[in-house]
């Protein structure tokens with residue numbers, strides 16, 4: 001996981017370029033808007049994540065085009081924010097070192113892709129569950145990357 005810092009109103013993802021990995025919100029908040037309509041879709045705060053579709057699409061057996069990696073959303077920090085970035089190659093390393101989790105991930109990926117409209121992303125105002133998901137995901141990935 002790589003820390004990335006954004007000031008208020010700075011773009012994290014603009015929707016024109018492919019998203020290269022997954023973001024976890026550590027501190028601050030990020031608004032997710034539809035690229036075409038500019039409509040606010042979600043308000044992410046601590047514990048939320050986005051960009052997960054990048055990792056899911058890259059895990060498919062079929063080749064993924066640049067166009068498929070372009071998001072249909074834009075993400076902009078609404079406050080000073082600290083996000084944690086997960087590169088797909090680091091994610092793959094975690095799976096290689098922990099093969100028992102690969103099947104679980106494939107099942108989660110299929111579920112996530114099938115229900116893209118769900119709120120698994122931890123919208124602002126949710127219970128403390130997003131914080132727990134963030135801590136668990138970030139901790140597990142961090143430990144695996146460190147070889148613990």
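Every residue gets a Cβ built from N, Cα and C, even glycine.
According to TrEMBL, the feature compositional bias 'Basic and acidic residues' maps to 118-132.
Per TrEMBL, domain 'Cyclic nucleotide-binding' is recorded for 1-95.
Under the heading region 'Disordered', TrEMBL lists 110-132.
Over the domain 'Cyclic nucleotide-binding' (1-95) the predicted model carries a mean pLDDT of 86. When the domain 'Cyclic nucleotide-binding' (1-95) is classified with DSSP, helix, strand and coil residues number 20 helix, 37 strand, 38 coil.
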